[in-house]
Every structure is written in structure tokens, then in C-alpha cells.
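Listed features, source Swiss-Prot:
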BINDING   L183, L184, K267, G289, Q298  ATP binding site
DOMAIN    57-165  domain 'THUMP'
Amino acid sequence: MILDYDVILARYGEVAIKGPSVRRRFEGKLLHNIKSAFSCRAELRHGRIFIFPEDMDEALDRLSKIFGIVSFSPAVTAETGFDSIEDSLREYIHELRSEGLLTSRTPFAIRCRRVGEHDFTSQEMAAFAGSVVVGEIGAPVDLGNPDLEIHLEIREDETYIYHRVIPGPGGLPAGTQGKVVALLSGGIDSPVATYLMMKRGCQVVAVHMDNAPFTGEEAEEKVEKIAAKLAEYSAGVEFKLRTFSYGRYLESCRRGAPEKMTCVLCKFGMYHLAEMVAEEEGALAIVDGSSLGQVASQTLPNILATRMGVNIPILSPLIGMDKVEIENLAKRIGTYDISVIPDGGCSAVPAHPSTASPPEAVMEASEKINVKEEVAEIFRKGSKTRIFS
């Protein structure tokens, strides 16, 4: 027999410590995002979000991808009172036993949380509930290190019984911190950087550079799949992918500048194009997947050189992370398996790229190939745009 859950209790973290006006705004946005993710009724009660979904399985899957939620629990509802709680708890623990989660040898604990006025204390109800479990199953009580915790969340007229506490992604509700332009490739790093800024409440306009003929169609297909995966974390907020034809600019870099500077000038142009997109989209910052020292364009000298002349913040949330940390996060959020699909790479990458391009040399090369005009022309021609919502 499967537990017949009728409600989900969702908890939020950072939102709760904001000032009253900010908290109300964030709570309202979180409710909106939940209702946008799946069909449900959702309401705030005493620091919890109570969710009544039409499809419980769908709701549990989608809640794990809604930023602002730190954990959630599917629960069954009982009337508040010893007799009603006893009846519901007996049924609940027998279903736990039928699922193999509770036996006569399973150390367990009752965790009771109470809100409102009642004629009993939390400790009294926990002791009573524990005696019900012992009487029915014969399981041993272990408050210090139980294998199973059964929770009673008691409100004025209703009590919620649950044993699962499922982690949420945490962070801030999507759409509460403004808009950013994220440079998105088919690699491992930039999707993770984009995810981390989404986790901090940012709405994302993803910008991808189509480097054809130096890259193949496989690279573009990967980016579409990565964007779709990231959009799963953007319930309630539009996720936009804009793809620009960038190959002509790369060809100009290879023709008009030292070959070893190709990667630096490529990144230099990306930032300037992203700044134009940010102005058009009303975004306040650029995001990229730079991790210090990982590739030629991400050494400190080259980070300095590639960002010259850009007048809005460039945020690099991965800057202090190593490759293993980034890969582990990519696996957790579901982008890793897409990113590692072979796509042929970029044939414009030189055999020996510069790792320390002097800023004055980069500026001289950028003026020689007229980067600003090249990039402006790419921007004027527009982008292929796809919206995920």
C-alpha cells in the first residue's frame, strides 16, 4: 500500500530572514513560481508553504528545481487531537511497515513541532505518538540516532504527518534579483555558472556564439539541450537563449592578429557583444564560466585584458572552483551528460595560445581588426532567439 499524501509542506531559508517588505515580495514571487511549475493550490502559513497539487508525483519532481525552497515534505493530514492523530498515525506506520521502512528493529524518533494554542505540549504529543508506534510495531525509540524520524507538524485544527524531508535547491526565488546576460557554450563550465546565478534569483538571457565554420552543428544542438535543462530551474520566469553568428568575427581575428591571441580576442569580442545585448535586454551584468587558470583565456593577465572597455559588471561565479568541483555540480544539476557529448570542438583554437597577453597588445590588435565595428555588425544582424517558459 502506498502512502496517500494530500499536501506538501515546503520550507524556505534566506527568504525568511529578509526585512518585512522584502520578505513579502520574495514570498509572493516564490508562490508565483510554484504555481507556474505545476497545477496546485499554494498558500503561506506561519513560515511554511502548504501546497495542494493535482499531481503529487509531478509536484515532488518540480519542487526540487524551484529556487528559494530549502526542503519539502509530502504529508498526510489529520485533525488535531489525540484520537484523530492516533488513528492517522496507526495507518501511517502500517503503510511504512508495508513499504519496508519500519520494522520491529527500526530505531525511530518522533519529532513534534506545534504552532498555536493547544491543551498539550509538543513533548506530550511526541511521547504519545511514540507510544502508538511502540504499541503497534514494537520498534525501539532512539532520539539521538534514529534510522527513521516521523514528524508531526501541529497547527490549530490540523496536524500533518510525514517522514520524508527532501532537499530543495535553496537560494533565492527566480526573478527577484534582476536580469543578467550569461555567456553560454556547450562546455561544462558556463552552464554551471548560469545555474549559480539563477540560484541567486537572477533572470537569465543566455547568449551563445555560433562559431561556424569553426564548429559544427553538434555544438549548437548541445547548447539548445543545455538551455532546455537550465530552463527547468526557471519556473515562473522566462529563460531566453539568443544565438549570434560569430564565425565571421573569429575569421577576422585569425586574419588580422597574431594567431596566439585568437582566444583572447574571441573572449574580448564576446564581452563587448554581451554588453550590447545587456543594454537591449535591460540586464545589469554579464555572467561567464571563467575558472582561474583553467584555460588560456582565464589566466589573471588574460582576464584583465579581455575585460577592458566593458562598462558593466562581469560576474564569474566559478572563479575559485576547480574542475572536479565544477563537474560534480554539473552532474547534480543535469547538464554534465549533455556537455560531454563530443562535438568536434573549435578549430580556431591555436596550438599555442597566449596565456599572458599584455593589455596594450590586446588593445592594439582589437583596433587593427576593428573589434567594436565587427561586433556591432554582428549585433545589428540580430540573433536566433528561443524562449523557454
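The backbone N, Cα and C atoms fix where each Cβ goes, glycine too.
Shown on the structure are the features that Swiss-Prot records.
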residue : record           : Cβ neighbours (10 Å)
L183    : ATP binding site : 23
L184    : ATP binding site : 26
K267    : ATP binding site : 23
G289    : ATP binding site : 25
Q298    : ATP binding site : 22
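With DSSP states grouped into helix (H, G, I), strand (E, B) and coil, the domain 'THUMP' (57-165) comes out at 40 helix, 31 strand, 38 coil.
DSSP gives K267 (ATP binding site) a helix state.
Confidence in the domain 'THUMP' (57-165), given as mean pLDDT, stands at 96. Look at Q298 (ATP binding site): DSSP puts it in a helix.
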